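Chemist: Sharing a structure, written as structure tokens. Questions coming.
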């Protein structure tokens, strides 16, 4: 079992503090949902864990199996088994999907450990079929001209190919219709097992109807203020964040 620990994490952007002391433990074998209103720091948390240089960690630790990874670059964190599926994936002209994924799978490996072309194609075909993706998607430039739904499927395809220890899934349900949501959820559920953990960031219960979390954490004002099981997400759907904030004595203003 691998453990990702976030201890008293404070993160600022351009001098403004966004995370104000986050404490969180993720374990392989578990799926945790991070829920909360807009602007509360959910995406900042995933970016800080992955090492985005635009986010300054001013205090705290991020430990992967007991080792503080704060001084590691993004690619080093990825090689240790961290994966981030972004809400708005970048387009990279000139590099095909297949080229990108094979390079990512072989990064940092000795020649004898690199996946062969044959094994790569076999695995790629299998995972694309699982997600209902056309074969031509493999030869298109990375995310270039992709629809929102295609980009999200492509992020999950990368997840299935790379098989990380921990996936940070930042609003993968954003902008998806119900059919695309089911496909994306199917891909995430395919990964579930004792060697995989996930942190799913979402505003809504809808995604969690298809990916049942083991744990639900509610973020407000840069902190985790409440934790529970899947029933907590259902409660949020009924009461909204205002009800939770009132119970906890937290000042909260609903968006108009």
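Glycine is treated like the rest: Cβ placed from N, Cα and C.
These came from Swiss-Prot, pasted as-is:
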BINDING   36, 37, 38, 39, 40, 41, 42, 43  ATP binding site
DOMAIN    4-246  domain 'ABC transporter'
Chemist: Which site among 38, 40, 43 has the most other CB atoms no more than 10 Å from its CB, taking these as binding-site residues?
Modeler: 40
Chemist: Going by DSSP, give the three-state secondary structure for residue 38 (ATP binding site).
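Modeler: In the DSSP reduction, residue 38 (ATP binding site) maps to coil.
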Chemist: In the structure shown, which of the binding-site residues 36, 39, 41 has the fewest other Cβ atoms within 10 Å?
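Modeler: Minimum Cβ neighbour count within 10 Å, taken over the binding-site residues 36, 39, 41, occurs at 39.
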Chemist: Find the average pLDDT over the domain 'ABC transporter' (4-246) in the predicted model and report it.
Modeler: 93
Chemist: Cβ within 8 Å of the ATP site centroid (36, 37, 38, 39, 40, 41, 42, 43 excluded): which residues?
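Modeler: Other same-chain residues near the ATP site: 44, 219, 220.
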Chemist: What are the sequence-distant neighbours of residue 42 (ATP binding site), meaning same chain, six or more residues apart, C-beta distance under 8 angstroms?
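Modeler: Residues satisfying the criterion: 34, 35, 36, 170, 201, 219.
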Chemist: Around the Cβ of residue 37 (ATP binding site), how many other Cβ atoms lie within 10 Å? Please give the count over every shown protein chain.
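Modeler: Here the count is 20.
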